[in-house]
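What follows is a set of notes on a single structure, which appears directly below.
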Amino acid sequence: MYNFLVKKSKCTETDALLIPYFEEKTNIPNEEINNKINILKKKEQFKGSYGEIFNITRTTDDNIQDIILLGLGKETEITKEKIRRAFGKAVNEIKRLKSKSVFLRFDSVEAIGLENTLKAMVEGLALGSYSFNKYKSDKKEEVEVTVHIGGHNINEEEVELCEKAIDEAMLLSETTCLARDLVNEPANNMYPETLAKEVKNIGSKYGFEVEVFDENQIEELKMESFLSVGKGSDNLPRLIVMRYFGDKDNMDQRLALVGKGLTYDSGGYSLKTNAGMVTMKADMGGAASVIGAISAIAKRNLKINVIAVVAACENLISGHAYKPGDIIGSMEGKTIEILNTDAEGRLTLIDAVTYAIEKEKASEIIDVATLTGAAVVSLGEDVTAVITNKDEFYGELREASYETGEKVWQMPSFEDYGKLIKSNIADLKNIGGKYAGTITAGLFIGEFIQNKPWLHLDIAGPAFSEKKGDYCPTGGTGAGVRTLYELANRRCK
């Protein structure tokens, strides 16, 4: 596993020199390197096209053995996300060369700015270096790669800005990878009790309070909907509450992050196929997202009050498990007809949302969940589906997503959709039928938000990947961590 220790420095003896290179204008302040690049361009072996990587091995007596040219395409077309992805690709070349120290020649992209350019580069390197090898018996020796950062046009006044950008990028990468680790843990080791213990350790490390409620305390709170989902498992449910108060002068303003915490989902009596169950350790991707986000927020001491709530349980089959046709209650008081036990996440979320509002006095709600396959069908694997009752709130999320490169898309929430989740024999039913599954699932949760500003994020697509991306590995991706942090961070400026 590669750990990138990124710091501002002058170019010293390193194994490799990493040069970001634009097609039309990159002037390397080294005649030998410029000559080599010009020869490569004449031979059309390297043009600087976006994503292109070429390695030059030094033959002269020099401290730097390898020069890695990283094509960024046209400077007029570059974005922060393109930078992240390009540098994520560069990790593979660094690994191939077995470089233990790399000097990154860094120049600001004018349209993006010094801090944002550097932050995107560091995130690409740090996020792209992630791997999950905990359970492999033949573990490769952990290699620590030091990346020195410098540029010929960075003056002394900009050094502090660079260091702040690096620190923030490394923290966001660290907490995103924390979320990835939580998702990647197998369900036989990551169940409600162990998740709760892990969150306590995380809270101690990053600086937020953690309170855990056991099954008896959950029952006292009248969270029947949440408890019903977990009844089939011998691993008892836990309600995990995280609190960070960074703005004690405005305690009436509390942003609640509510994450779906199904540490395993078999579908219950509405049983999934074997193929559908294989990745269901990832059904707590929403929980991982809010845990990662509050960790970053607390560590940066942002001036904001945040409550994170996770209703953690397993959805399994037993003689005690809930069944299709059951009618159950909820903490808020509404009754629910169960038509499908595999529509369980929303049942845990509604009690968690009610708890956040009534007990933690949340003024705004964001729930995050791997909720519906319909979200993947409609938007693909890379986009988060969003339902909201306040367009301005969604606007904040959208602007934050532009910064992080995590794609979001607002789904319609016309009033008529709400009719699809009304029951003839209870207040609501837990599925809305054949059509608009992502929308009706979100609106089901919306029935419990008590007129608070609310965002519902369905991350069923981006939370877990079965193919490697440029800076996202296979498995848990940590989707949502950086965007939730960025939304909170923008409110503090």
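Every residue, even glycine, has its Cβ placed from backbone N, Cα and C.
Binding of Mn(2+) 1 is annotated in Swiss-Prot for Asp342, Glu344; the matching candidate from Asp265, Asp391, Asp416 at the same site is Asp265. Going through Asp247, Asp283, Asp326, Asp367 against Swiss-Prot, the one listed in the Mn(2+) 2 site together with Lys260, Asp265, Glu344 turns out to be Asp283. The two recorded residues, Glu344 (Mn(2+) 2 binding site) and Lys272 (active site), have Cα atoms 12 Å apart. The Cα atom of Arg346 (active site) lies nearest to that of Lys260, taking the recorded positions Lys260, Asp265, Lys272 as the candidates. Lys260 (Mn(2+) 2 binding site) falls within a strand when secondary structure is assigned with DSSP. Cα of Asp265 (Mn(2+) 2 binding site) to Cα of Lys272 (active site): a span of 9 Å. Taking each Cβ in turn and tallying the other Cβ atoms within 10 Å, the top scorer among the recorded positions Lys260, Lys272, Arg346 is Lys260. The Cβ of Asp342 (Mn(2+) 1 binding site) has Asp265, Gly267, Gly268, Ser270, Leu271, Lys272, Asn315 as same-chain neighbours under 8 Å, each 6 or more residues away in sequence.
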